[in-house]
Structure formats: C-alpha cells, structure tokens
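Remarks on the structure that follows.
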C-alpha cells in the first residue's frame, strides 16, 4: 500500500477528528492554511504562525475544512478584534489580524493570482495603497431583517457559512453615524408591528434595511426593502424619522417580491424627503440613489483614482470609454482630462443618476449609454483610445474580451475586486502578445476583510 493510501485511510483523516496543526499562510478567501498528514487544511479565523487544535468538518481526499477549537500558541500577527461578534459574524474575515499584516497579505494575494493564474512572472507592481481609515470606512450598509422568537426585530449579517442572522446594534467598519440609525430604526419597526419576511415560509413583508451616507456631506438615505407595498402608517413613520434625524434626507421603499436572494427589486418609491443623498468625490458632487452603485470606501477609491490618473497620463485628445460606469464615479473625474467620454451602464437608474451627476458638475463631454457591455461596445462608431473596465466579481464575459481584442484600444485600465478573475482576463488579453502590463496597483477598499481592489494598465503592443 502506498504512503498516500495510508494517509487516506488514517483514522484521523475523517470528519470529526480533532488534530493539531500550525497555520503557514492564507488563501484568497482569508482562511488560514495548515497541513496535516501532508494534506492541506483550511481553517477560518486564524493567522499564520498560530498553533491550533482544530476539528475536521469537511474531509476530501487531498484537503479538509476545519473548525478552530483552541489556540495553543497565538501568532504575533493576531490582534484583539474591534467587533464584539467578530467570531460569529460573516461580514469580516480578518478582524483578528494586525492591519499592517492585512495589507501585506493583500499584496501577496495579487501577486499569487497574477503569477499562478495569469502566468505573469515579472510585474510592475506598486506598493499597496492603504485605506485612509481601517474602521468606520463603509458609506453603505444593507442588513437582512428577521424576528426573534420573542418578537424582537433583528438586523445584522449572516453567521459564517450559514444563513442564520447575527443581530447587531453597531458595526465598527461602517460609518459611525449610521449606527444610531440602525439601533433606533429597528425599535421603530418593532413598535409599528410591521411584518418581517420569512424566507422559509415565503411570507411577510420587510426583508432588508439599507442605510447610505455621503461621508463628506453627512447626508443620509434610508431604504426599506419589502416583498410588498402596504406597510401601515409608513408615511407617518417616515415623517417622524425626518424630524428626528436632521441629516436624514430621504426615506425610500424598494419592492422585491421574488422568492430569491436578490436584495433590491426593480421598483423604488420615495416615501418622504429626497430619493437621494449627496456626496463629494474627487472635487465633484454626486447624487446617489437607494440602489445605485458607488464604492463603499470613498477615501480609498479617491486614492486609487488619483494614482490611476497619474499612470494613464492622459493628454486631452483621447476618447475614453468606461464600460461598467455605474453613476460615473470614475468616468466624470477622468472626463475632465479627455476629449470625449462614453459611459456604458446596464442599470437604468444608474444611467439617469450618472447623467444627472454630469449636469450637476457641468461636464458636457460625457454620454451615458444604457445596456450591457456585450451589446453596446461593438456598436460604438469610434474605437476608444482608453478603455476602462470595472466589471462585477465574475469578470468580463468572453464576448467582451474578444471584442476588446478586435478593437485594440491603445490603453486598457482594468479595475477588479477579485484578483483570480482579473488574472484570468489579463491572461486572455496578453496571450497573443496584443497587450503588455505596464502598471499594477492594489488598494485596500475593504479593511478587516480578505477582499482587495486592484487596478492594472495594459498597453497595446505594436505589430
């Protein structure tokens, strides 16, 4: 019998076994990596250097997932979490890690993905940009709602690896001005007796509570997300909220009737005040709706934008196309440096908001086009000099990548919150020698989590 077969049949290599191991690294999901019986074991809530006692909870032939039972010897990278439910809540993965070590680990994530998946061995990599704040940085929070067995309205985030809610009254990574709203609004919902949606029974109304703040203006927007209209006395309660909180600019009701995990529905109704909150970003004014996309860490996004502008070295004569534009967060600042800008966005509300933002800032050289990148990009009458890509986590669709190769814009700026899909797409764009990477810049948009933002500039290779 071979050695590997001996390990496979070892009484310890099975679900429920309790073993000791040492964490030697982190994967891109933020889990600790250890080894037992020459096989990889992934353990959440751990740090490189930890010596642990763990229970194997999911066992495969070559790897296992484990639950932390006891820290036998803590890593020097450990720190006390700022959140009292950090060990339960699934919102943050790295509350227990020293912030400087988080930064180093995120830089390594980028390197590992580009080397392992992309095959890039020589990278023009800049030092990772740290977030201006490691706590209190989030300008938006959307909480699932539930009701306890005693009737208490709960709001929070799901437990790690489950769909069970962890009730919270404050969250250290969100803007502190939202915490008071969270606590008081939960009480008001409870006092009103509004029904809470039950996912198992597919009954009830209120599903989520969404809070957004313009961190530079202080304006806030409150949105209730419900399966149905008809919350009793909603207008009265909305008026009370506006009177109680001077910085609260509006209350909205979003309708999401589908029995799925989608958070926002297609219909949003303004109940009181304005349906937007205003924010300052890159010396511009932005209006943000209940469900329009905007980077949740304004300070870090501004840092990355500044470095991107420097690296692109725009001369003023370019046509720039922003292929996943949102409300124009990056489109509008960059438009001031080019001849013409085109913003492609699939969300119609974001298109309208982007057009409004251009008008507010008197930026006349931007056109917002509604539709998917797959359908709109091939119809453009002029090939862009600069193409900006900031796709969802899944990356660019294959047809988008093929269209980029067909058009061959001179420069591509690709921004991603998912290094593995970024590396995959870069590998495709550079595979035939059409493009070369000239600049790689990571930025910490999401402190206390394992997520990292990365921007890459590609330049067309002549011939």
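Using the three backbone atoms N, Cα and C, a Cβ is placed for every residue, glycine included.
Record features (Swiss-Prot):
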| type | residues | note |
| --- | --- | --- |
| ACT_SITE | 417 | active site, nucleophile |
| BINDING | 83, 89, 92, 171 | [4Fe-4S] cluster binding site |
| BINDING | 295, 324, 345, 390 | S-adenosyl-L-methionine binding site |
| DOMAIN | 12-70 | domain 'TRAM' |
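For the domain 'TRAM' (12-70), the model's average pLDDT works out to 95.
Considering only the binding-site residues 83, 89, 92, the Cβ with the fewest other Cβ atoms within 10 Å is that of 83. Of all the binding-site residues listed (345, 390), 345 sits in the most crowded Cβ setting, with the most other Cβ atoms within 10 Å.
Residue pair residue 89 ([4Fe-4S] cluster binding site) / residue 295 (S-adenosyl-L-methionine binding site) shows a Cα separation of 22 Å. With a 10 A radius on its CB, residue 171 ([4Fe-4S] cluster binding site) counts 24 other CB atoms from all the protein chains. Residue annotation for S-adenosyl-L-methionine gives 295, 324, 345, 390. The furthest Cα pair among them is separated by 15 Å.
Secondary structure at residue 345 (S-adenosyl-L-methionine binding site), taken from DSSP and collapsed to helix, strand or coil, is strand. Residue 390 (S-adenosyl-L-methionine binding site) sits 28 Å from residue 171 ([4Fe-4S] cluster binding site), taking the CA atoms of both as reference points. Listed in sequence order, 301, 329, 445 are the same-chain residues six or more apart from residue 295 (S-adenosyl-L-methionine binding site) with CB atoms under 8 A from its CB.
Cβ neighbours within 10 Å of residue 324 (S-adenosyl-L-methionine binding site), excluding its own Cβ and spanning all shown chains: 21.
A distance of 22 Å separates the Cα atom of the residue listed as 'active site, nucleophile' from that of residue 171 ([4Fe-4S] cluster binding site). Looking at residue 83 ([4Fe-4S] cluster binding site) and residue 324 (S-adenosyl-L-methionine binding site), their Cα atoms lie 34 Å from each other.
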